[in-house]
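Peer 1: Pulled from TrEMBL, these are the listed features:
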type: DOMAIN; residues: 6-85; note: domain 'GST N-terminal'
type: DOMAIN; residues: 92-229; note: domain 'GST C-terminal'
Amino acid sequence: MAGGGDELKLLGMWASPFALRAKLALSFKGLSYEYVEEDLKNKSELLLTSNPVHKKVPVLIHNGKPVCESQVIVQYIDEAFPDAGVPLLPSDPYDRAVARFWAAYIDDKLLKSWLQASMCKTEQEKAAAMKETFAAVANLEAAFKECSKGKPFFGGDAVGYVDVTLGAVIGFVRVGEAVHGMRLFDASRSPLLDAWLDRFAALDAAKAVLPDTGRLAEYAKMKQAEWAAAATN
């Protein structure tokens, strides 16, 4: 229960950064909800009927009405519960548009190229994908400087929409460092984002939902093995 007669249910999968976005938004807003862990190899009827178009997590069900897609869910949570917790989207229309732009950029450029790099068959392909990834990191470093205005987060003094969007990948950033010796953000290439990552991860609302790095590393190794096996077949 979210309070005030609102019923919230989240369909997710523990390792999904997209489901984690919804968890982070709910956590920073201080909302209680029922969580349903989905087996993505045997999807529930509730998931299939709640998201018939994509059939993917996350899905937020608010008083029986489903909301799909992670960024849409985060925006919905902020708008549906404006008086709960911290406001995630800026009140100024221009600042709100800028935040939405960079949140979309994270998915369309950063995560797309980073995922591609993890699935590349040759070192040459991986190098090309990582070049794109680090170009995206450089743009996000500049965006942080612009959006934060010298304050701790993209949202300023408090966590905002872009912080939640990017914060959901912190676990995989740590896994990349632990498993491959490569940190997506580092003190030399992206000092602002490097400091931001540790600052965000130290927040109680983030710690409450961020997955264990060791467990996530084992999951990542399993998925890479599956992709490698599929590529040879």
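Glycine is treated like the rest: Cβ placed from N, Cα and C.
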Peer 1: Which numbers of helix, strand and coil residues does DSSP report for the domain 'GST N-terminal' (6-85)?
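Peer 2: Its residues fall into 30 helix, 18 strand, 32 coil.
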Peer 1: Mind tallying the domain 'GST C-terminal' (92-229) by DSSP state, helix then strand then coil?
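Peer 2: Helix (H, G, I), strand (E, B), coil: 103 helix, 2 strand, 33 coil.
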